[in-house]
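Student: If you look up TrEMBL, you'll see 1-105 marked as domain 'UBC core'. Taken from TrEMBL, the feature active site, glycyl thioester intermediate covers 30.
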C-alpha cells in the first residue's frame, strides 16, 4: 500500500482560510476519489467513483487539480462558497483573492 503525506513548513505556521466550494473549512479536499470504497449513504456517488487500491496517484492528483480549477457546485463542502460561485463569479474571485492574500501576508488588491 502506498501512503503519501505532504508536509509544508511555514515560519510561524500557516493559518489558511479556505474559500472554495469543494474544500472544507479545515482544508480537506472534498472529492469522490478521496472517499473510502463502499456504499454512499447519500446515494450521490457510485462505488466506481470512490477510492480503490487500483487508483494511481496521478489520477488522484489530476482530480484534485481539476476540482480546484473547476469547482463542483452540485456537491459542495462549503455551501456558501458554492452559492457565490454559481451566482456571482466576480464576487467569488474577489473573496478568494482576498483570503489568499491574507493567508500569505500579502497586501490586499486595490479593486
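Just so it is clear, glycine is given a Cβ too, placed from its N, Cα and C backbone atoms.
Bear in mind that TrEMBL entries carry predicted annotations, made automatically and left uncurated.
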Student: How many other Cβ atoms sit within 10 Å of the Cβ of the residue listed as 'active site, glycyl thioester intermediate'?
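Tutor: The answer is 17 other Cβ atoms.
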Student: Please compute the mean pLDDT of the model over the domain 'UBC core' (1-105).
Tutor: 79
